[in-house]
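Student: Found this in TrEMBL, in case it helps:
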| type | residues | note |
| --- | --- | --- |
| BINDING | 38, 63, 64, 65, 88, 89, 116, 117, 131, 198 | S-adenosyl-L-methionine binding site |
| DOMAIN | 61-157 | domain 'Methyltransferase' |
Ligand code: GEK
């Protein structure tokens, strides 16, 4: 695994964060050291897939990066005629994702698609995963995607949505961010790396509050939804279509 040094040296001008070759090359190390509970979330995506799988269904991984969630889903599908559809709009990510998927043998087909998740059809789905990607969409586009996911799920299907979130009050928001930065320090990131990455993400990753996620899920039609994981300002929710 290549170590993430993307922000290790001082940069004269910090550009907006992009999922380019430099990031894709170090992504497994980056996400592991930057997202609290990442392994737990990926493993639980596998477990939930085992529970919510249905025959003749699609399993979506929206914003798949290198395909960790797709691999977890594929390992757990035993239902007949399943297909995993992994989507990312970064060429650097999807090329590496294709290689990862080919490296492991499986009878379950996986299609790795270079596309914008706002533009692909979502249909016949037993499971839809959107793991730390909704936060990168322009806020005004989020509702339409959640609505389309609801429409594309089969009855009894599940959406697993993981996000970084913010809180409405400054005191708890700053405390959660401080605890998160301690987590990054403990994982070997320097003050310079933490602050340069924060600046790079400022314009491209805009977290919602948990209340706005819950409202959006409810309005889309999900009557059953809840938080199942939280660590600092990172969380994962599930929503089940009845
Ligand atoms: C994992 N889910 O390892 N359409 C398609 N892809 C997009 C879009 C878009 N509009 N916007 C961003 N992306 C993964 C981790 S990373 C999260 C997901 C992170 C893609 C982007 O190219 C990147 O690969 C991914 O969403 C977000 O479980 O790095 O914090």
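For all residues, glycine too, the Cβ spot is worked out from N, Cα and C.
Heads up, TrEMBL stuff is auto-annotated, nobody curated it.
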Student: Where the criterion is a Cβ under 6 Å from an atom of ligand 1, which of the binding-site residues 38, 88, 116, 131 meet it?
Tutor: 88, 116, 131
Student: Around residue 131 (S-adenosyl-L-methionine binding site), which residues of its chain at least 6 apart sit with Cβ under 8 Å of its Cβ?
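Tutor: Those within reach of residue 131 (S-adenosyl-L-methionine binding site), by Cβ under 8 Å and sequence separation of 6 or more, are 41, 42, 45, 61, 63, 68, 69, 160, 162, 236.
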Student: Which residue, out of the binding-site residues 88, 116, shows the minimum number of other Cβ atoms inside 10 Å of its Cβ in this structure?
Tutor: 116
Student: Long-range same-chain neighbours of residue 64 (S-adenosyl-L-methionine binding site), Cβ under 8 Å, sequence gap at least 6?
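Tutor: Long-range Cβ contacts: 70, 86, 87, 88, 93, 94, 97, 112.
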Student: For residue 38 (S-adenosyl-L-methionine binding site), write down the residues of its own chain that are at least 6 apart in sequence and whose Cβ falls under 8 Å from its Cβ; none is a fine answer.
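Tutor: 31, 32 - these are the non-local Cβ neighbours of residue 38 (S-adenosyl-L-methionine binding site), listed in sequence order.
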Student: Suppose you look only at the domain 'Methyltransferase' (61-157); what would the mean pLDDT be?
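Tutor: Result for the domain 'Methyltransferase' (61-157): average pLDDT 97.
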Student: Over the residue list 38, 63, 64, 65, 88, 89, 116, 117, 131, 198, recorded for S-adenosyl-L-methionine, what is the maximum interresidue Cα distance in Å?
Tutor: 24
Student: In three-state terms from DSSP, label residue 88 (S-adenosyl-L-methionine binding site) for me.
Tutor: strand
